[in-house]
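Heads up, the thing below is written out as structure tokens.
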Amino acid sequence: MPHTVATPPPLLQVRGISKQFSGVVVLKSIDFTLQPGQVHALLGGNGAGKSTLMKIIAGILPPDTGVIEMNGQPCFNLTPAKAHQLGIYLVPQEPMLFANLSVQENILFRLPKHQADKKKMAQLLKNLGCHLDLSVSAGSLEVADQQLVEIMRGLIRDSHILILDEPTASLTPAETHRLFSQIRMLLQQGVGVVFISHKLPEIRQLADWVSVMRDGGIALSGATADFSTEDMIQAMTPEAQKGALTDSQKLWLELPGNRRAQSHAQSQQPVIHVHDLSGEGFAHISFHVQAGEILGLAGVVGAGRTELAETLYGLRPASTGNVILEEVNITAMKTANRLAAGLVYLPEDRQASGLYLDAPLSWNVCALAHDRQGLWTQPAQEAAVLERYRRALNIKFSHLEQPVRTLSGGNQQKLLIAKCLEANPLLLIIDEPTRGVDVSARSDIYQLIRSIAEQQVAIIFISSDLEEVVQMADRVLVMHQGEINGALSGAAMNVDTIMHMAFGEHRSASEPQGGTASSAENKGASC
């Protein structure tokens, strides 16, 4: 009688998982399987239920119904600590580090002594190609480096199931390549990876299997090679998205008391003129931005883009140089005065710096309002403002008093944009506006930014996604090691050229608006 070889059980099997919050169903009888050595990609629009499902698997939330099995054994009453013991580790979309602890302390936090192997940690860093200083405080790191620390926390715990929630959102192409190499090494050791991402090319490159969630259920699941990109997009967004904001949306989006309607609206002077500005992380920066122009700011992590943006907004001091906003020197102004003058900053980390997560939506959207006297104490006015942006930006929420942290990532980002617009900007600095948002929400945000520019607001657009920089910007400045390495426009503005310049290569470029093509030419000159 022939012997049959028993098929080993999946590393992880989820069956019939359901969940609701305050009567709203967010997961509908979900089935999900992860095999050893497999990358299972999870796609879905913001609010589809991806993060809720992963939090249940990681023991952060309890399911209402359903079963979770590891290696064929049911797991009951999961907690984060129990999930870690079982080898499940969730790397969150937004880094959740202890800002005042060192990088090393964060990686080893609450790790049993027999696992707290510093040599192993050093080897993992080497394998990842990281050059992190383990002694510095985690709060001093760029968002991309904070993300790598989170990943390290999972790797050093010998996780068998690694859940990566948008791990490459703030990584450069080189960092993404190193991360993927490390993931492939883990796969050879039998580790299973759940890979949540909105970057479809990455999913095709890395994932064996893909599942698409929509409205709390699984809309598509199977081998990645069996589905086209269009199949995945249609599964996420069943109704075709229009290419631009509707006339109704544009009407609701009209800025309150638009400063461009005032006497200086027809001025040919730049909205902002930065001359020979230096500060922590950058030096000798000069450029200008006209009304209605979208100026892209590209570069790898550590190039100084965010430091420059924070200095323009007054969060960091400038050591030399001048910043002129509408012919007024604001270099020595405090942040509040710059905001009142019309300079508004949308930060890259919406949860840490942009929104009050436990405050109501209606209060958040009015928090930066230029004239707030009595506004935040008048619920009717707050409600009217929020309703206007709900219609304009298609923000999805249940009620006005809903805490911000309960929104999906894409809706949080839209709310942050609404908060900035309510401040009535002359210049809007947008740092990583699509980090962690889905394909549909990205399209909404792109059209929104263009509509803002059409109202003659000047925009500085900072992004690590070079394709969206090329897609969105009228001109691009490329930063390398704190200086402008070149300025591009027109046909010269392409991903390949920007990439080479971001890594320090000098390339000639046509810049009809007075921009420069090298940092040497840029010093003291205006682009």
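Count begins at 1; order follows the chain as displayed.
A Cβ is built for glycine as well, from the same backbone N, Cα and C atoms used for every other residue.
According to Swiss-Prot, the protein carries these features:
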- 12-240: domain 'ABC transporter 1' (DOMAIN)
- Gly44, Gly45, Asn46, Gly47, Ala48, Gly49, Lys50, Ser51: ATP binding site (BINDING)
- 266-506: domain 'ABC transporter 2' (DOMAIN)
- 507-527: region 'Disordered' (REGION)
- 510-521: compositional bias 'Polar residues' (COMPBIAS)
Across the binding-site residues (Gly44, Gly47), the Cβ with the fewest other Cβ atoms inside 10 Å is that of Gly47
Let me know how many other Cβ atoms fall within 10 Å of the Cβ of Gly45 (ATP binding site). 23
What mean pLDDT score does the domain 'ABC transporter 1' (12-240) have in the model? 86
Looking only at Cβ atoms, how many others are within 10 Å of the one on Ala48 (ATP binding site)? 24
